Amino acid sequence: MQTALYISVLIISSCGLVYELLAGTIASYLLGETVTQFSLIIGTYLFSMGVGSWLSKYLEKDLIPKFLEIELAIGLVGGFSSAILYLSFGQIRYFQIPLFLLVILIGILVGLEIPVLLRILKKELQFKELVSRVLSLDYVGALLASILFPIFFAPKLGLMRTGFIFGILNVGVALWGTWVLPLRQSKIIILRAQSVVVLTLLILGFSYSDLITYYSEESLYTDEIILSKQTQYQRIIVTRWKNEIRLFLNGHLQFSSRDEYRYHETLVHPALLAHPAPKKVLVLGGGDGLAVREILKHKNVESVTLVDLDSAITNLFSEHGILKELNEESLKNSKVTVINTDAFLWLEESDQTFDVVLIDFPDPSNFSLGKLYTTAFFHTLKRRMNETSVLEIQSTSPLFARSSYWCIERTIASLGFYTLPLHVYVPSFGEWGFVLAGQRPIQFKKKFPKDLKFLNIQELESIQTFPQDMSRVPVEINRLDNQALVRYYDREWNRILD
């Protein structure tokens, strides 16, 4: 019996942590503010476990069958938790209600497990030996789950299937327990029947995960979903309405094929026109290849290095028929080198210098993204530039996130760069901002590449003029130790979305 229960501890501790990680990950995907969501969920989950541990004192008789019933309950609720959360988001206005109800319920049930197990085993071992073995196995199981969840389960199976898999493991513990633990025959029959029912539901859920995911995402997106993919880093959704293609990462619109040319022409061409003879170009982010498409319109460019964290994005936009058509197969051009790694780390390790650096990172909605807009990042980037090099970075909306925009501009200027703020109206986004910078005052060449749809000499002048409601405001410099930009961004966009 001891061995069976020790193995159970290892499994159930892994399951308990995975349910917590699932809730935190889904909340951060759907609601943003990763640090806030994980902090609230972890705190609520741990508190609920404490409540469960306290409630365990009221379980006095038939502890073994009660332990197995707890496992069935956790398997059912935890296994379906991802599906419930995805389906709730599109249907319930206050998504936080089902989110925290599930976290509390799972936390209470998980909190019951270890105290009940300790009481079952108390006659088998000395107390100090019992506690050390059970708790050490509990922590080992949590470690295994924390390693395997981001490396294997989430990217390979997706969040919904991962939930069902660990629910099946919980039920497997209960079903296995009916054979290896001492139980009355009447209890064995009941528990096995319950286990089979719950197991069947979870297997059906696993089998129909794609359908559940499709239905839940269809309720979130008005257009037809033509591609849905979970990677190690993000959820990728591509939608289509007539001839319009849209890319969403973690629920956030990245571009619409109807008007992305306005964004990408403004991101790319001012920087290339500000350099006397750009030959080596570095693109950080921009794995969709749309910025690279614009760069290749400058025939004097000899090489383009694209550094993007997620290989799934660059692979999709290299291989998928519709997507590679959008970027005109730019990622397969012989001038282009694609590197899939962390941009910050790559800059620190590289010894190359570039004439033009274009930065197309996601908005600074969390601290891991916010670090890419800090003085530390731009200081590292500066070492990859020479005296004539220029950089341009997308800088969120100067209208909707005014402080965020000027925080990025001031942070770059604080390192000795001459800056030129730019903005453009993109119908899909509204007003959008960029910052062009160099170690010399910015001067533009007059010769534009052919085939531009938006940018010309007149527009280049107009995008430098900011109306009063987008003009400069006092802001802090964004540093690693203050992450002021993330605070500005959260406050401003939450105000708009609310």
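Just so you know, glycine gets a Cβ as well, placed from its N, Cα and C.
Sequence-distant neighbours of the transmembrane segment (7-27) (same chain, 6+ residues past either end, Cβ-Cβ under 8 Å): 37-38, 41-42, 45, 71, 74-75, 78, 81-82, 85-86, 99, 102-103, 106-107, 110, 113-114, 117, 134, 137-142, 144-146, 149, 153-154, 159, 162-163, 166-167, 169-170, 172-173, 176-177. Annotation comment: Swiss-Prot describes 7-27 (among others) as transmembrane segment, evidence class sequence analysis.
If you look up Swiss-Prot, you'll see 35-55 (among others) marked as transmembrane segment. Below 8 angstroms of C-beta separation, residues 20, 23-24, 27-28, 99-100, 103-115, 366-367, 490 of the same chain, each at least six residues beyond the ends of the transmembrane segment (35-55), sit close to that stretch.
Residues or ranges marked as transmembrane segment in Swiss-Prot: 67-87 (among others). When Cβ-Cβ distances below 8 Å are used as the criterion, the transmembrane segment (67-87) is approached by residues 8, 12, 15-16, 18-19, 22-23, 26-27, 30, 95, 98-99, 102, 105-106, 109-110, 112-113, 116-117, 120, 159-160, 162-164, 166-171, 173-174, 177-178, 181, 191, 194-195, 198, 201-202, 205, 209, 212-213, 215-217, 219 of the same chain, each at least six residues removed from its ends.
Per Swiss-Prot, transmembrane segment is recorded for 97-117 (among others).
Here Swiss-Prot flags 134-154 (among others) as transmembrane segment.
The transmembrane segment annotation in Swiss-Prot covers 163-183 (among others).
Regional average pLDDT for the region 'Spermidine synthase' (196-446) in the model is 94. Residues or ranges marked as region 'Spermidine synthase' in Swiss-Prot: 196-446.
Residues annotated as domain 'PABS' in Swiss-Prot: 200-439.
What Swiss-Prot lists as S-methyl-5'-thioadenosine binding site is Gln234, Asp308, Asp342, Ala343. According to its DSSP assignment, Asp308 (S-methyl-5'-thioadenosine binding site) is coil.
Per Swiss-Prot, spermidine binding site is recorded for His264, Asp288, and the stated evidence type is sequence analysis. Look at His264 (spermidine binding site): DSSP puts it in a helix.
Summarising the annotation, Swiss-Prot assigns active site, proton acceptor to Asp360. A sphere of 10 angstroms centred on the C-beta of Asp360 (active site, proton acceptor) encloses 23 other C-beta atoms.
Within 10 Å of the C-beta of Gln234 (S-methyl-5'-thioadenosine binding site) there are 20 other C-beta atoms, taking all protein chains into account.
Same-chain residues lying 6 or more positions outside the transmembrane segment (163-183) and placing a CB less than 8 Å from one of its CB atoms are 1, 4-5, 8, 11-12, 14-15, 18-19, 22, 64-65, 67-69, 71-72, 74-76, 78-83, 153, 157, 191-192, 194-196, 198-199, 202-203, 205-206, 209. Largest Cα to Cα distance within the recorded S-methyl-5'-thioadenosine binders Gln234, Asp308, Asp342, Ala343: about 16 Å as a whole number. The residues near the S-methyl-5'-thioadenosine site, meaning same-chain residues not in Gln234, Asp308, Asp342, Ala343 whose C-beta sits within 8 angstroms of the mean position of the site's C-beta atoms, are Tyr233, Gly285, Gly287, Val307, Leu309, Asp310, Asn340, Thr341, in sequence order. Reported as a whole number, the C-alpha separation between Ala343 (S-methyl-5'-thioadenosine binding site) and Asp288 (spermidine binding site) equals 16 Å. Other Cβ atoms within 10 Å of the Cβ of His264 (spermidine binding site) number 26 in total over all chains. You'll find the Cα of Asp342 (S-methyl-5'-thioadenosine binding site) roughly 13 Å from the Cα of Asp360 (active site, proton acceptor).
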